[in-house]
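Read the structure below first, then the notes.
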Amino acid sequence: MAQLMIAGPATPSKPDSGASSPSRSACGAGPLSRTSLGSNMLTGGVIGPLLRLTNNQSHRMYPPRSGMAEDSHGAGPGSEFAAPLAELVWTLSDLERRLALGLTIALSEEGSTPDQWRILEILERLDSPTMGELAEASGMANASLSRTVDALEDTACAYRLPTVTDRRRITVHVSDRGRHKLVRIREIVAAWERTLQQRLGADAAQALLEATESAARSLGGAGSNLDLRPRHDRPR
């Protein structure tokens, strides 16, 4: 099964939904667990092209459409066109889909999702944020954010409260149950990440992190300027 997940098509087949959940200890040697399965499903045919593009080693060329007019340099319809950074959008989109799928499979052991993990992490780091602050920190659309917070409320992992000064202003809080759940989620995520790092190699994993973080800082984005440190740790 592992080989099929590694070398298979861009859209992996639906994982087996058997009654028994594989052991988390399988992140290393031994039977394939949901955690290791999640990392296997994203590596085939995605990480390599991404790193090659990041290191400016991509040489894929694309001919223009037939009948395209010559440009000012006299290039005809047969000339080649290269846009590695634009093509990177496709590679990153494929990588994001595989990462999300792999992480979803791993977190299903705890009955959680990547979005729920993200919101629990933000709630743990911020001091009673509003829904607007949660949206800014997470980059999630309002509808998706509301569904995620609703799901956390349904499992008693989070709750909403109006502020004392303005009851129209709603803040979101993580409960003790939510903190305990976050501890278990972090264990699963750490095991999944270790398996992924082993498959990529330490150098490739570090290069991937540095390249994406540098690009995110340069281009900006949701939450890029938001200080997620607890308020009492922030400079005044």
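A Cβ is built for glycine as well, from the same backbone N, Cα and C atoms used for every other residue.
Note that TrEMBL annotation is computational and uncurated.
The region 'Disordered' feature in TrEMBL is assigned to 1-40. The annotation domain 'HTH marR-type' is assigned in TrEMBL to 85-217.
Note: the domain 'HTH marR-type' (85-217) comprises 100 helix, 11 strand, 22 coil (DSSP; helix = H, G, I, strand = E, B). Taking the domain 'HTH marR-type' (85-217) as a whole, pLDDT averages 93 in the prediction.
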